[in-house]
């Protein structure tokens, strides 16, 4: 099982943002897409999630073009948490998470044990079991983001895509979100593909990095291989030194 | 849930009062006797005078309320209602045009066509090439389409003979006078069909509430779902317009009023409550319109307009405070 981009070209109107990009995203790990603003990392993630149509090339899941797959079938394989989902007025955390079961539920189907189980499990995974009856609006920013993650976890897909899941969160809550995703990845083999801004957090929580620059992919591979001063210069125009993080041993980028 | 039952009881009580009060007042006992025996003043009022009128009011109010709630949820904006966005005005224009041209077509069909044309015009005028149209743009464009439809309607009415023009004018305000069981059958029959269609789309709307991206990620075909819901909403409003005229503000007020009143948590519950609230507003509006000036029966639209206009102003000022306008 794997998600691949083949000669993928993405853009709006006459402007191509990504051209002829080939990418193989390994299963079972945590992959992070990094790059400067405007390099098209969110656009790439949206194309991988079938939220936009490519102008050329294709995205395949196990060899099949995702645009040829039925919407519901795809939603059982792959979940996406967009950057700013909308919360219905007054919705409780529990009701929000329940909506993650949509692809598994038939028309007017009764709520079954598997649905209940998936929601309870998702709430437990993000540590919100006790707050299920609370309105989402009353939660803190970090808790709210975890509630949204619970929604996509309740979807029970082998693949999870997240568009900047830590934006607007303070460092503690960023760590909280990434740790729970890492935990989920270890516990259930969930493949996590996300877009992040923070290079050091990405290095610490990823098995695989995709570094994009203004002209497409600069490097892909393990954090040790990708986070190299020359490549950071190429992608960001950033002069930096890279050394092992004294605590975790993952590469640490120090801008000069 | 308890509040929902209370709303239903209020609706039943308002129906009873609407049947009892008018130029001739009648007691519950007489009504009951008329219903059981089919004779006496109760039977006359139930069968011919007030029965069809009230039944039409309930049906028209319910379809308008449901239509409003669908659009308000779909566009996530309390101002998005078919009466604000010009769909009811479009339906009204089509009906007056059909009368002026002497076309003998079923009114719900004519009204639906008018409503759909107005909706397509709003969609065309607000279409953007590669970005989603903000709801407020849709609402403002709809307002413009609605004004254009109203102006055309007035223009067409000048060609009608005086008596017919007077009737049309009355109807355009939103009127429940001289309704018969044919109107009742129309609005209830079509209303039930469209209500079931809405029920079939509740799950889509529930997911759409989370935003288009997440909805697509949850397996929804977003474009198809939006068009299906908008189409159903336009038809619901048109069915109401066909039997009662473009009664103003019922669709706008029903949803927010019922949500606040019942506190319904599920979307299905909110839509049902909006239909009940639409019926309640229309029945009470008609009752007030009949009782307001002794000896004169005002069209129901005068009353809903009198309540609805201040509500709209209040809503606009709130949206401005919240920075949405």
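Cβ from N, Cα, C; glycine included.
Per TrEMBL, the stretch carrying the note transmembrane segment among B:24-43, B:84-103 is B:84-103. Among the ranges B:109-127, B:204-222, the stretch that TrEMBL annotates as transmembrane segment is B:109-127. Stretch with the most C-beta contacts under 8 angstroms to the transmembrane segment (B:84-103), considering only B:54-75, B:109-127, B:139-161, B:234-255, B:267-284: B:139-161.
Just going by CB pairs under 8 A, the stretch in B:109-127, B:139-161, B:234-255, B:267-284, B:296-314 that sits most against the transmembrane segment (B:54-75) is B:234-255.
The largest share of C-beta pairs under 8 angstroms with the transmembrane segment (B:181-199) comes from B:234-255, of the ranges B:109-127, B:139-161, B:234-255, B:296-314. In this chain, the transmembrane segment (B:234-255) touches the transmembrane segment (B:296-314); three or more CB pairs sit within less than 8 A of each other, excluding pairs fewer than 6 residues apart. Sequence-distant neighbours of the transmembrane segment (B:139-161) (same chain, 6+ residues past either end, Cβ-Cβ under 8 Å): 75, 77, 79-80, 83-90, 92-93, 96-97, 99-100, 114, 118, 121-122, 125-126, 168-169, 172.
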